[in-house]
Amino acid sequence: MQTYLLSQQFNTRLLAENSTACPANATICNGTSCVLPEDNFNETLSIILSTVLTVMLALVMFSMGCNVELKKFWGHVKRPWGIFVGFLCQFGIMPLTAFLLSLAFNVLPIQAVVVLIMGCCPGGTASNVIAYWVDGDMDLSISMTTCSTLLAMGMMPLCLFVYTKMWTDSNSIVLPYDSIGISLVALIIPVSFGMYVNHRWPSKAKIILKIGSIVGAILIVLIAVVGGILYKGSWIISPKLWYIGTIFPAAGYTLGFFLARVAGLSWNRCRTVSLETGMQNTQLCSTIVQLSFTPEQLELMFTFPLIYSIFQLLFALLILGGYRVYRRHRVKQKTDVEKTEEKEDSKSMSSHAKTNGGFVSNDTK
């Protein structure tokens with residue numbers, strides 16, 4: 001009996017080693033093709049990183065609030081022309097651009113829906129950091145981000161109802177109002193504390209702002225890298241979505257800038273509106289997609305928010321680099337003009353002194 005059992009164990013082990021069957025814990029088996037249960041490591045890592053990034057983002061928004069003056073902020077709320085232009089860009093230009101790009105590239109219905117969801121999302125907080133680096137209007141930037149997040153609760157369902165009718169039933173799209181609310185709270189509370197610090201201790205606020213702007217720039221890159229690591233298995237996606245993910249943010253930046261300029265806003269406010277238009281809340285888009293669609297559907301669309309996030313960051317960095325080069329050139333040109341004027345003044349003074357026997361009046365000194 002013992003020999004028989006040993007023989008059976010040997011045969012079982014030999015069959016397991018040579019067998020092409022799926023592992024015992026596989027959920028779906030088709031010959032050698034197996035789908036294993038979802039690894040909880042990524043989920044745990046995602047929760048930990050989300051918590052850390054949320055705390056860091058709150059600190060960054062606190063530092064951005066240190067550059068906001070209550071009077072100017074309230075001035076934008078009382079005379080909301082800039083906010084209104086931003087609203088038109090955010091919930092007018094972006095959903096329409098998403099709709100036209102989906103038609104132009106003739107993507108699958110499920111893929112068109114994710115593009116439209118991205119177009120209907122409110123502005124992301126990363127725009128506030130970039131707006132600071134391009135000398136934008138921080139008061140307008142913060143007020144636009146706050147208003148677009150608040151208005152998203154009503155405008156997102158409306159835009160999705162209008163634009164997704166030809167591809168899907170808008171009722172099948174689950175909007176995470178709790179996530180929108182959390183984003184709003186995470187934005188308003190730290191910014192309010194920052195505004196208070198700026199009001200009470202302006203010198204300390206400037207130091208906090210400089211540190212926070214650097215941390216914010218690092219955080220934006222870190223979020224993109226973390227997203228790439230966590231979702232590296234989803235990179236095989238239709239080339240059409242890659243094209244749209246490249247064109248869409250560039251179109252948002254460009255159209256937002258031109259609409260703001262046509263509306264008569266100043267150059268620094270045009271830059272601000274441009275960034276607020278092109279930089280979307282990609283985390284919110286990912287949450288909506290995960291809540292609304294099946295795993296089979298997610299395979300066709302899930303990576304698009306990450307693609308958009310990467311290209312919106314790349315174009316924002318190009319805008320920042322271009323502005324910095326322009327600013328340096330402008331400052332140099334201004335300095336050269338001032339030096340030329342000083343030389344001309346000194347020459348005129350010396351010639352005036354010669355004609356007056358060396359006497360120089362107090363007015364010309």
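Just so it is clear, glycine is given a Cβ too, placed from its N, Cα and C backbone atoms.
Feature list (source: TrEMBL):
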type	residues	note
COMPBIAS	334-347	compositional bias 'Basic and acidic residues'
COMPBIAS	352-365	compositional bias 'Polar residues'
REGION	334-365	region 'Disordered'
TRANSMEM	45-63	transmembrane segment
TRANSMEM	83-105	transmembrane segment
TRANSMEM	112-134	transmembrane segment
TRANSMEM	140-163	transmembrane segment
TRANSMEM	175-195	transmembrane segment
TRANSMEM	207-229	transmembrane segment
TRANSMEM	241-260	transmembrane segment
TRANSMEM	306-326	transmembrane segment
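A Cβ distance under 8 Å defines the sequence-distant neighbours of the transmembrane segment (241-260), meaning residues of its chain 6+ beyond its ends; these are 82, 85-86, 88-89, 93-94, 97-98, 101-102, 105, 107, 111, 115, 118-119, 269-280, 301, 303-304, 307-308, 310-312, 315-316, 319. Comparison of 112-134, 175-195, 306-326 by number of C-beta pairs under 8 angstroms to the transmembrane segment (140-163) places 112-134 first.
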